[in-house]
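Working notes, structure below.
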Amino acid sequence: GKEIPGQASLVFDVVLLDLHNPKDGIAIENQLVPESCERRSQTGDFLRYHYNGTLLDGTLFDSSYSRNHTYDTYVGKGYVIAGMDEGLLGVCTGEKRRIIIPPHLGYGEEGRGKIPGSAVLVFDIHVVDFHNPSDSVSITVHYKPSNCTVLSKKGDYLKYHYNASLLDGTLLDSTHSLGKTYNIVLGSGQVVLGMDMGLQDMCVGERRTVVIPPHLGYGEDGVEGEVPGSAVLVFDIELLELVSGLPEGYMFVWNGEVSPNLFEEIDQNHDGEVLLEEFSEYIQTQVDTGKGKLAPGFDFEKIVKNMFTNQDRDGNGKVTAEEFKLKDQEAREEHDEL
């Protein structure tokens with residue numbers, strides 16, 4: 001044409017940006033593999049990882065670090081580009097690896113955003129944690145006293161110390177730093193479901209590590225400013241005190257025989273009606289003298305008010321002898337009706 005004369009010698013100054021072969025697969029370079037790797041990721045796992053994405057010449061096109069948030073995805077199921085889907089399989093928690101992806105396993109001939117068409121991609125990833133939606137709580141016992149006959153169960157009042165962290169070791173919270181124990185009624189919903197499960201069948205003095213997947217912890221949302229979304233949690237626990245709870249469904253039980261004239265004893269002014277104040281005073285006396293026991297770990301006033309409300313069947317703030325029934329009597333009546 002007009003730009004290149006005939007018989008001209010041509011000079012090209014070339015900078016090679018990248019190259020690939022259509023037959024290429026991904027290339028993986030392991031940069032750091034933790035010594036302890038109990039499990040490697042597999043198809044269907046949910047990974048949280050950080051990454052820097054560059055071209056072969058080092059040009060940065062994306063980074064999760066700049067957003068201060070991990071990239072979270074299922075692997076082996078087509079949620080990310082094919083090369084990344086393959087490259088995230090077989091990793092350990094805490095592993096760092098480089099994944100080099102040819103364009104036919106990346107963004108192809110058209111590219112995307114800052115990624116040119118037919119570009120070879122380089123991802124430097126750091127795996128923060130991963131889990132499978134079918135995972136349950138994992139419990140590792142580090143110390144169990146030789147005299148371990150009383151085991152924690154639903155309804156027991158527990159006092160324990162814990163250190164809470166992420167799988168990468170990031171500390172989230174610790175009762176030791178607060179100088180006081182964490183106290184709950186087991187199985188009452190006062191902690192996440194995974195912790196309720198992890199505290200079962202412990203004896204006083206026992207130390208264990210409980211690993212909780214997010215669907216049994218704080219889920220996809222996490223706790224803003226405290227727990228990242230979809231995070232696996234690690235609790236190092238020491239049980240310090242256990243107060244046995246009551247049978248399920250009971251908030252108060254008698255330690256001995258029940259008086260046949262119970263209503264008359266509660267009705268101190270003998271007017272045929274029991275008010276909340278009379279009821280509360282009577283229950284307090286039974287607990288103080290050891291004749292009765294309240295469910296441990298709950299507020300006394302709330303328990304008594306709930307007990308009173310259950311007896312006040314017409315809701316007029318008074319309990320009559322006709323309304324008053326013990327739980328065992330109610331159960332027998334229901335059984336007879338059936």
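Keep in mind that glycine also has a Cβ here, set from the backbone N, Cα and C atoms.
The domain 'PPIase FKBP-type' annotation in TrEMBL covers 44-131, 155-243. The domain 'EF-hand' annotation in TrEMBL covers 254-289, 299-334. According to TrEMBL, the feature region 'Disordered' maps to 311-338.
Sequence-distant contacts of the domain 'EF-hand' (254-289) (same chain, six or more residues past either end, CB-CB distance under 8 Å): 300-301, 304-305, 307-308, 311, 317-321, 324, 326. DSSP states for the domain 'PPIase FKBP-type' (44-131), grouped as helix (H, G, I), strand (E, B) and coil, give 12 helix, 37 strand, 39 coil. Remark: secondary structure over the domain 'EF-hand' (254-289) totals 18 helix, 3 strand, 15 coil, with classes taken from DSSP.
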